[in-house]
Each structure stands twice: as C-alpha cells, then as structure tokens.
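Have a look at the structure below, then the notes.
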Amino acid sequence: MGWQVTDGKVEYMTNPLGLDEKSPRFFWRIRSDERNAVQSAYRILVASTAEALGRDEADMWDSGKVASDRTTHVVYEGKPLQSEGRSYWKVRSWNGEGAASDWSEAYFWTMGLLARSEWKGAWIGRRAEPNVELQPSPYVRKEFEVKGTIRRATAYATALGLYELHVNGRRIGDRFAPGFTDYDKRVQTQAYDLTPWLTEGANAVGAVLGDGWYSGTVGFLGNHLYGERPFFLLQLNIEYADGLRESVVTDAGWRAAKGPIVYSDMIKGETFDARLELTGWDRPGYDDGGWERPDVRAGYNGLLTATIEPPIRVAETMKPISIRRTEQGTYIYDMGQNMVGWTELRVRGARGTKVTLSHAEMLNPDGSLYLDNLRVAVQQDHYILKGEGEERYEPSFTFHGFRYVELIGFPGEPDLETIVGKVVHSDTPKTGSLRTSDAMVNQLISNISWGQRGNFLSVPTDCPQRDERLGWTGDAQIFARTASYNMDVSRFFAKYMLDMIDCQQPSGAFTDVAPDAGWIRHKMWNTRLNWFAPDNAGWGDAGVVIPWTLYLMYGDTRILATHYEAMVRWVDYLRTNSAELIRPDYANYGDWLSIEADTPNEVLATAYFAYSAKLLSRIAGAIGRKEDEEKYACLHGDIADAFRREFVSEDGRIRGGTQTVYVLALQFELLTEELRKLAIRHLADDIASRGDRLSTGFLGVGYLLPALTDGGRLDVAYDLLTQEEFPSWMYSIKHGATTIWERWDGWTEHNGFQTPSMNSFNHYSLGSVGEWMYRYMAGIEADPAAPGFRRAIIQPRPGGRLSSVDASFDSLHGTYESSWTLEPDGAFKLRVRIPANASATVRVPGSRIVADGQAAEEGVASFELGSGTYLFESRLDG
Ligand code: RAM
C-alpha cells in the first residue's frame with residue numbers, strides 16, 4: 001500500500017529491555033513505493049500499558065502532530081521514565097499530500113534498575129582452588145518458590161568475568177556477557193524477560209561463571225588484570241498478578257560448586273570433563289547438599305551501565321569441506337574459511353577417553369597445523385568423555401581463530417559430520433552487500449567481511465587468534481567506515497567510545513588500546529617514550545574519527561555531544577604537545593606494517609593532528625558550536641601551513657616521499673591546489689616505479705584509493721585493486737586467503753611465513769579498502785549535509801577490469817542501491833534505488849546521458865532525486 005510505518009526502534013533496537021537512557025530516541029521507517037515519498041508530519045503515542053496504547057490513551061507521552069520529515073533519533077519528551085518502567089509506543093506518519101498512515105504496530109521498551117541502590121544482591125563467586133593455575137569454572141545456584149500467578153519476571157544480571165544464566169534447565173541469553181569493559185571503571189548489565197520460564201511452585205536459577213577478560217588471560221600481559229576470579233550479580237524481580245512483588249538476589253544463601261569445566265580461558269582454551277557433569281543442577285529438586293557456600297565479594301566501585309554493545313551470538317554454523325588422516329593418526333579438517341568461534345564435537349566412546357580439538361589458521365608446508373603465530377594462545381579444547389552414548393560438546397568461555405582443526409585422540413573413524421564450526425561475533429546485522437563481475441574482487445569483499453565477523457567480538461579487536469585480541473584504536477578507526485557499511489555498528493561503536501573515554505588519560509591523550517588491558521597496571525603508558533604511548537598518531541585519533549563516522553553513517557548527534565569535551569581535550573593535548581604545530585617524532589607506530597616505505601613519524605603525526613582538528617571543527621558545527629567550528633577550522637588551516645612549511649618542497653615533494661605521506665596530505669586537506677596536483681603526480685609515480693604496486697601500511701591504506709580517485713587517477717586505483725603481484729590484496733587471494741592478513745607479506749612465495757611473533761591471518765586493517773568499494777566503486781556515499789543517509793550522493797566510478805557492480809546499503813532510512821554495468825563498447829547502465837523519505841544526488845559518469853528513458857540536456861550529469869528506482873544510461877567511450 002501507499003504509505004506505511006515499519007521497523008519501529010528505540011535506541012537503534014527493536015523492543016529493548018533494561019535501558020538506562022532517560023531520554024531514549026525513536027526510529028521508524030516509511031514504506032512506500034511512490035517516487036518522491038516524503039513524510040510531512042508524525043505523531044508518537046507512548047503509554048504505560050498495551051491496552052491504553054490500543055485505546056490511544058497516551059498516559060506517558062503524546063508528541064502531538066509534529067510537522068517534520070524526521071524518522072530517526074526523535075527524542076522521548078514524556079513523563080520521566082522510572083526504574084523498570086515498561087512503555088508501549090506507536091507512531092503514525094503523514095505523507096506529502098497530508099494523508100496519514102495507519103498506526104504502526106505497537107512496540108515497547110523497558111527501563112532497567114536506574115539507581116545503584118536498587119541493586120539488592122551481593123557479588124558471589126567461588127573460592128579459588130589452591131595451587132591451580134587455571135581455575136575451574138564456578139557454578140552457582142538457588143531454588144525459590146513462586147507463590148502465585150506471575151504478571152512479569154525480569155532478571156537483571158552481570159558479572160565481573162563472564163556468566164551464562166540458567167533458569168529451570170534452560171540456558172538464557174547470549175555469549176560472553178557482560179562483554180569487555182575496563183572493569184575498574186564500569187561493567188555492563190543485561191536484562192532478561194523470564195516471565196515465560198518461571199512456573200508456580202519450585203524454580204531454580206543459576207549461572208556458570210567464566211574468567212573472561214576480568215580474571216582470565218587478556219592480550220599478552222597475562223591474567224588477573226582486574227581481579228583474581230569471577231563474581232556474579234543477579235536480581236530477579238517478580239511481579240505477581242495481584243501486584244505483590246518479590247526479588248530473588250544473589251547472596252550468601254546461594255550454593256556454589258565446581259563442575260565439568262576444568263578451566264576455560266579465552267586465550268588458553270578449555271578442558272571439559274563430562275564425568276564431572278552436574279546433571280540437573282539448573283532445575284529445581286537438585287540435591288546441592290554437597291555444594292559450598294559462595295564466596296561473597298565486598299562490593300564493586302565501578303559503574304553499572306545498561307548494556308550498550310549488541311549481544312554476542314553464534315551467527316552461523318559451518319561444515320568442514322575436507323578431512324585428512326595424518327601419519328600420527330590424527331585428523332585435520334579444513335573448514336574452507338578462516339573463521340572465529342569454536343567447533344562442536346560429536347563423539348561416542350569409552351568413559352575417560354580424551355579428545356582434543358586443536359585450531360590453527362594455516363598449515364605448515366608439511367601439512368601440519370601452523371601454530372607458531374599463536375604465541376602463548378593455546379587454541380585447544382579437550383573433552384573427556386563420560387561414555388554414555390552420543391556426546392556433544394562445545395566450549396563455553398573461549399574462542400579461537402581458525403580454518404583448520406586437528407582432531408586428536410578421537411575414538412573410531414571421524415567423518416565430515418563429526419564436527420561443525422560455530423561462527424561467533426557481536427550481533428551487528430548485515431547492512432551492506434557488494435558484488436562485482438570479478439571473482440577475485442568478490443573474494444576480497446568476502447575476506448573483508450569475514451575479517452569484521454572475526455574481530456567484532458564485544459570490542460573491535462586487532463586479531464582473534466594469538467595472545468592479543470585487543471581493542472587497538474588505530475585498527476578500529478581505519479576500518480570504522482568500512483565496518484559501518486558492512487554491518488549496523490551503531491551501538492557497537494557507541495559502546496567502544498565509552499571504552500575509549502574510560503581509558504582517556506588525564507592529559508587528554510586517547511590510548512592505543514581500549515578497554516585497558518593491563519596497560520595501566522603494567523605502567524605501559526607511563527612515559528611518552530614508551531613504545532605503547534597514549535597518544536600514537538592514528539591510534540588516539542580514533543576518539544574523534546569514530547564519533548564522526550557514527551554521525552555520518554547514522555546521523556547521531558548525541559554521540560558527538562556526549563563525547564565533545566573529550567574530543568576537545570584530545571585536540572588540545574595534541575596542540576600542547578607539538579612544537580609550532582609540528583608533532584614530535586617519538587613513540588609512533590608510524591604507518592604500521594607498510595612495505596618498504598617508512599613514513600617519517602612527525603609527518604604522519606602532524607597530518608593526523610590536522611585531521612583530528614578538521615573533524616572536530618565539523619563536529620562542533622554539527623552540534624551548533626559555531627565558535628569552536630571556526631576555531632578548529634583555523635587550527636586545521638594553521639597546521640596545514642606548518643605542515644607545508646616544514647615538510648613540503650616547492651615541487652610538491654613531501655618529506656619521506658612515501659605513498660602514505662602523499663595520501664594523507666591529500667585526504668586531510670593539507671595542500672594548496674597547485675601542490676595537490678604535484679602530490680598526485682608524485683603518488684602515481686611512486687606507484688608506477690614499484691611496478692603498479694602499493695606500499696602503504698595500516699594508516700595509509702584506507703585513504704590510498706580515495707586519494708587517487710579524488711585526484712583523477714581512478715585508473716591507478718583500479719590497477720592497485722586488482723594487482724595480483726606482491727604486495728597487493730589479490731596476492732593473498734591468489735594464495736588462498738579467506739580473510740584479510742595482518743601483513744602484506746604474512747606469507748610469500750619468496751619467504752614463506754613472516755616472523756611468527758606477529759603474523760595474524762585475520763586482521764581487518766588492510767581491508768579498509770572496503771570503504772572505497774562502497775563509496776567510490778559502487779558510489780554510495782553519505783551526504784554530510786544530511787547525515788545518516790537522509791540524503792546520499794550516488795556517484796559510481798566504473799573502471800578497471802570490472803564490467804558490473806551490484807551494491808546496496810541498508811541505512812536507517814531504508815535501502816539504497818547502486819548497480820551498474822559497462823559493456824565493452826562503452827555502454828554504461830546504472831540502476832539506483834532511493835528509499836522512501838530520503839533523497840540523493842545522483843552523478844552519472846560519461847556522456848549522452850539518458851535518465852529514465854529521457855535524454856538529459858547536454859552537460860547535465862547530476863540529478864537531484866527523491867525516493868524511487870531510476871535507470872540511467874550513458875556512454876563511457878567519449
Ligand atoms: C599490533 C596489533 C595491532 C596494531 C599494533 C600497533 O600488535 O596487532 O594491529 O595496532 O600492534
């Protein structure tokens with residue numbers, strides 16, 4: 001039908017539970033097949049019961065009919081929201097002709113426990129076993145009576161460590177809750193609706209606890225970064241039909257025991273002894289006579305924040321593609337894809353038999369697992385059989401990065417059904433799709449997306465396999481734009497910004513990893529001369545780049561306002577710590593992992609300083625801080641002057657002469673028009689002199705193809721994209737890569753494997769070329785003047801060996817599409833789709849343009865369009 005409201009969301013989520021945002025924002029979408037569909041007004045009703053909402057009785061808030069085209073981030077302005085309050089809402093929308101839609105379906109959200117004093121429970125765990133390096137996972141449980149009909153039962157839970165919630169024999173919730181934060185500062189809490197799972201009479205609630213990031217091994221600084229062992233906090237609030245309320249909370253009256261999980265460490269794997277299973281422990285009537293009293297922790301000084309990050313889930317199950325028996329009698333599986341998660345095992349055998357699953361990303365030349373790059377990470381899970389028919393096993397609190405699995409000690413003859421791979425990551429729904437006529441480019445697209453799936457696990461990690469897996473800020477910022485095309489990372493990065501803020505130094509410096517992973521305890525940030533400095537160029541700048549990216553892609557101004565002061569402190573810190581606006585050359589990672597091209601630190605750091613100032617100016621503008629907008633724009637101009645004075649010679653050569661210095665100077669607007677032209681020439685010359693090959697590292701690579709394209713060298717950009725000789729993206733693909741490698745030379749024909757001390761095969765940073773593919777190749781670009789894809793700029797750039805591209809991006813307003821084909825004779829066709837209540841500037845390449853069957857006027861190549869589907873034709877042969 002003509003005009004409909006769909007996809008109602010609150011704070012980017014469908015019917016969320018347990019929010020602590022007191023002014024939540026509403027989102028919806030318009031469905032309409034009509035062209036130029038524009039909303040002229042909306043009205044939102046919020047009620048405290050579904051029945052009231054059904055009668056249009058908005059006892060919480062009636063927005064009234066608001067003349068506006070806004071469908072995102074509409075702020076709730078009704079009655080103050082109370083702890084545990086449940087609100088029902090619906091929205092209706094008017095089209096351009098003033099015709100109203102039906103009311104949307106009814107949605108809801110609930111608030112969590114808003115005051116700390118409302119948390120009544122104690123933190124409980126289990127005393128550590130003496131002299132045991134890796135501790136068994138504690139089980140805690142409690143039985144309670146439900147004395148009548150329940151209207152609603154909600155559990156609020158969290159852990160210092162990890163927890164799996166169990167209720168009446170059922171596992172509830174997601175994986176790796178409550179997620180990774182700097183536990184000294186905050187922990188996220190989760191809310192669960194348990195109404196369907198409780199029954200009148202006896203009930204049982206419990207949890208299995210894992211060390212996780214709190215007390216297990218994190219990164220390369222060992223374990224116990226925040227505490228010695230995990231603790232659990234739960235409050236189950238029951239509301240009876242007669243209005244009576246009751247709470248079940250964690251306290252000294254619970255019971256604790258160890259169970260079958262002998263240990264489970266994120267980095268060191270798991271051992272599960274099925275003979276120790278506590279069958280029925282999470283059901284009422286279980287005899288816990290042998291269990292201990294729990295260990296009760298004195299308290300916790302950090303913040304309890306309602307969870308912001310999306311839950312971590314098993315997203316996909318993968319079947320192995322082959323199995324091979326080794327000479328040692330073990331079996332090596334190939335999953336066909338470098339993936340992150342774990343394997344589930346199916347086995348039958350004698351009690352006490354131990355089966356080991358060992359995980360690796362690559363194989364050695366002799367066919368054995370390549371384990372050297374894991375450093376101290378032991379990606380092995382051991383399962384000890386109980387011997388009772390078919391047994392199934394998957395680990396609880398560990399994950400691995402792997403393509404190959406070695407099965408050791410398996411009783412009998414395994415086959416392709418013996419194991420399956422579970423792909424695990426933060427549940428950030430897919431929003432982008434890209435397909436081209438070129439199989440290798442498609443493989444690159446797939447590798448980029450798998451890199452994201454492998455590394456977006458609570459925080460954006462650098463890699464998922466070795467003893468690192470940290471939230472490196474530089475990696476995150478360079479990939480953030482690509483990530484936000486691929487998947488909905490609105491809340492994922494909003495949470496990560498809190499991690500960055502929690503780590504921000506008193507000086508204003510943003511750190512190079514977030515959350516803190518022992519850096520503070522180990523005094524890693526103590527001195528500026530330290531390798532792990534708190535202000536590395538391109539790393540700390542994530543504190544500005546990420547909010548800006550969220551603004552562009554989602555139109556979120558609150559993220560800008562919330563972190564504005566922190567961003568100002570960062571830019572002011574940079575200014576204070578530069579000499580006449582030139583940043584010093586200490587402690588930088590530089591253009592990390594560039595290949596035979598060392599970018600001078602001071603050039604790179606000064607360029608990034610300018611970039612942060614420029615973005616801050618735009619951010620100030622976006623939230624109406626006019627003076628600051630001006631101030632930081634001037635600062636950017638001054639840094640650019642200093643940059644040219646210090647590093648750029650008259651012939652346009654920039655100190656260092658690397659591709660990266662040119663690319664950054666171009667993209668960060670540090671050059672005059674004249675110097676720009678020269679810089680592009682020097683950039684292209686350097687690429688040509690290397691045999692049409694790139695040399696950029698983490699920081700240069702993201703801007704390389706954009707700089708070339710903006711500089712009129714689309715041809716060179718395509719050459720680099722499809723270059724197959726080393727170093728290039730396609731080189732790894734030619735050699736079977738299914739993810740993005742950490743280094744261009746992770747493995748080469750001439751040298752074999754790079755040094756095992758740093759050789760991940762699943763690092764997304766070099767995959768930041770995904771951004772160029774969406775923004776330039778397909779040409780789906782955010783318009784900063786109407787952020788969040790309220791308006792887009794569709795400007796595809798056909799070229800290279802591609803004859804077609806099919807792309808779509810599911811924005812908050814709906815799905816944009818840009819698909820083009822190019823015939824050998826130069827006939828170009830473009831199909832564009834613009835969602836309802838959105839618009840786009842479409843720029844069509846070539847000449848003799850035909851728009852929707854109508855020849856366009858000579859010289860017209862740009863079209864201002866409202867929603868709808870449009871077809872264009874043109875000639876690219878001159
Ligand atoms: C490596 C990490 C990361 C990078 C830093 C500088 O150890 O893997 O990718 O940001 O170093």
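In case you wondered, yes, glycine gets a Cβ from its N, Cα and C as well.
Among the features that TrEMBL reports, domain 'Bacterial alpha-L-rhamnosidase N-terminal' is placed at 149-316. The domain 'Alpha-L-rhamnosidase concanavalin-like' annotation in TrEMBL covers 325-425. Annotation comment: TrEMBL describes 430-777 as domain 'Alpha-L-rhamnosidase six-hairpin glycosidase'. Residues or ranges marked as domain 'Alpha-L-rhamnosidase C-terminal' in TrEMBL: 779-848.
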Most Cβ pairs under 8 Å with the domain 'Bacterial alpha-L-rhamnosidase N-terminal' (149-316), selected from 325-425, 430-777, 779-848: 325-425
Residues in the domain 'Alpha-L-rhamnosidase C-terminal' (779-848) grouped by DSSP into helix, strand and remaining coil: 0 helix, 39 strand, 31 coil
Helix, strand and coil totals (DSSP H, G, I; E, B; other) for the domain 'Alpha-L-rhamnosidase concanavalin-like' (325-425): 3 helix, 53 strand, 45 coil
Mean predicted confidence [pLDDT] for the domain 'Alpha-L-rhamnosidase C-terminal' (779-848): 98
